[in-house]
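Asks: What TrEMBL shows for this protein is this:
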DOMAIN    A:87-318  domain 'ABC transmembrane type-1'
TRANSMEM  A:38-61  transmembrane segment
TRANSMEM  A:81-112  transmembrane segment
TRANSMEM  A:124-147  transmembrane segment
TRANSMEM  A:180-199  transmembrane segment
TRANSMEM  A:295-318  transmembrane segment
């Protein structure tokens, strides 16, 4: 065995650095080109939709100016139309939808990821995914023929008991069922059922990723299961909760057929969401596109552009919130 | 450095009822299964009060499973089951009348991979055991401050973190995180502290600190430590149990006794080979 050698201090940098090359194979080049063009084409399609909407909407936006956002009436023949009441209705329905989807989705996600026995977990996950895959026309039918009738009484009860001191819950003719049937409240709750699986599945996915080490750490300290969830799972999944809420909101704002089926359209600011009559951007477009031409159609495209931008922003924010956190790094939304 | 501070720090104004008296932990005919696969067979072991017991043996011999049985963590694994009993101060921790959380509150655990609550401050991490068991109370008190300082001193971490107790647990280095976990486990004043290869991911300096801590708390707490490091077992433990599993034979204790005897005069040839590094 030779004696160990002792190295002197490193010399100042005189060594030539090597240039490292990796020459891709023909297959790699082909595959990269194919997948890159696929990826780019989705961006292009997205951009084209935006450009198409903007161009189509331009005459209406030019004519109405800022009034397009602030005007409530929709009278293209008379030359005044705007989406103010539509925006408000969209917001109200989104709000009611979240009131249903967030608490139930949160609870369901926690149950599936934390409490459900193993034999139940898989079927529940599949069921939630299936719920998300059901076309919303089915929810619309169910909402129209089942939910509407049952929610009537709920709406009436809220109106009678809270309407006297909270004007928000008041309706004009509380004795007539038709005062309640086509309200933002009922449409919002039906929409909430539509977005519920989305919210549930985002939250569940994040909760399930809470590190086993931290979970065991809490349990070994004598925590109850709920204590462990409060200390480890929920803080870890906070961004997933926010992301799930925003993604649900994004879907709720764009929900068309459920709202269209339930509401009776109205072009006013309603401060009485329990009362029949409201409208949303999506439902309005669906209701009017076939009978519109010229400036009216441009107006609908303008409404579509606003909805497009809204959902784009909300979904992007949701994506950023989820991926920024340590829990969401591996989550796809 | 923490030895002398510990010696002078004997005040106890804790939210816990009384100062801990170390309790003996006795395993009687403990067997364990994952599904149909038996991993432990009829292990009998007395872990004497206030002493350090080391569990040694090659990987897959069931010593970590055995350790997790001692504070009812084993049953968290889906499909896990067990037989036999574990007596803490004469009471079976698997008594149906006793909730698992009661046992875990008296039998703390430090894991192989440091697992502080990463977004929680160092201060809150130390108190998290109290908070999780509803013993913390709503408001910050000077007693909390004392408890945090004492626990961090006992874990040999105080001097490194005393100026930044508000920073998140994740901001510490790996070795510091592990000592934070030890402080967290000690803060609830357990009767027993279980350690599952606590130093396997630590550098030699951090390892030495943790070993000092183990020696310091022994006497007040019954320590059971799983280690792959023979020198460590030799240095820190009073008693040693050598586990072994073979093809078709679930893990069992081959030999147990005072550490000196196990290392100097092992009775079984396999123990002799293992402690001298000839296999495993």
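Note: Cβ is positioned from N, Cα and C throughout, glycine not excepted.
Help me see these features in their spatial surroundings.
Replies: Note on the transmembrane segment (A:38-61): residues 68, 81, 295, 297-299, 301-302, 304-305, 308-309 of its chain, located 6 or more positions outside it, place their CB under 8 angstroms from a CB of the stretch.
A Cβ distance under 8 Å defines the sequence-distant neighbours of the transmembrane segment (A:81-112), meaning residues of its chain 6+ beyond its ends; these are 60, 64, 67-75, 121, 124-125, 128, 184-185, 187-189, 191-196, 198-201, 203-204, 207, 229, 233, 241, 244-245, 248-249, 252-253, 255, 259, 263, 266-270, 273, 278-282, 284, 296, 299, 302-303, 306-307.
Away from its own ends, the transmembrane segment (A:124-147) comes close to residues 108, 111-112, 116, 186-187, 189-190, 193-194, 196-198, 200-201, 204, 255-258, 260-262 of its chain (Cβ-Cβ under 8 Å, at least six residues beyond either end).
When Cβ-Cβ distances below 8 Å are used as the criterion, the transmembrane segment (A:180-199) is approached by residues 89, 92-102, 104-106, 108-109, 128-129, 131-132, 136, 139-140, 142-143, 147-148, 151-152, 155-156, 159, 171, 244-245, 247-249, 251-252, 255, 258-259, 262-264, 270, 273-278, 280 of the same chain, each at least six residues removed from its ends.
Sequence-distant neighbours of the transmembrane segment (A:295-318) (same chain, 6+ residues past either end, Cβ-Cβ under 8 Å): 49-50, 53-54, 56-61, 63-64, 68-69, 74, 76-77, 79, 81, 83, 86-87, 90, 242-243, 246-247, 249-250, 253-254, 281-282, 284-285, 288-289, 333.
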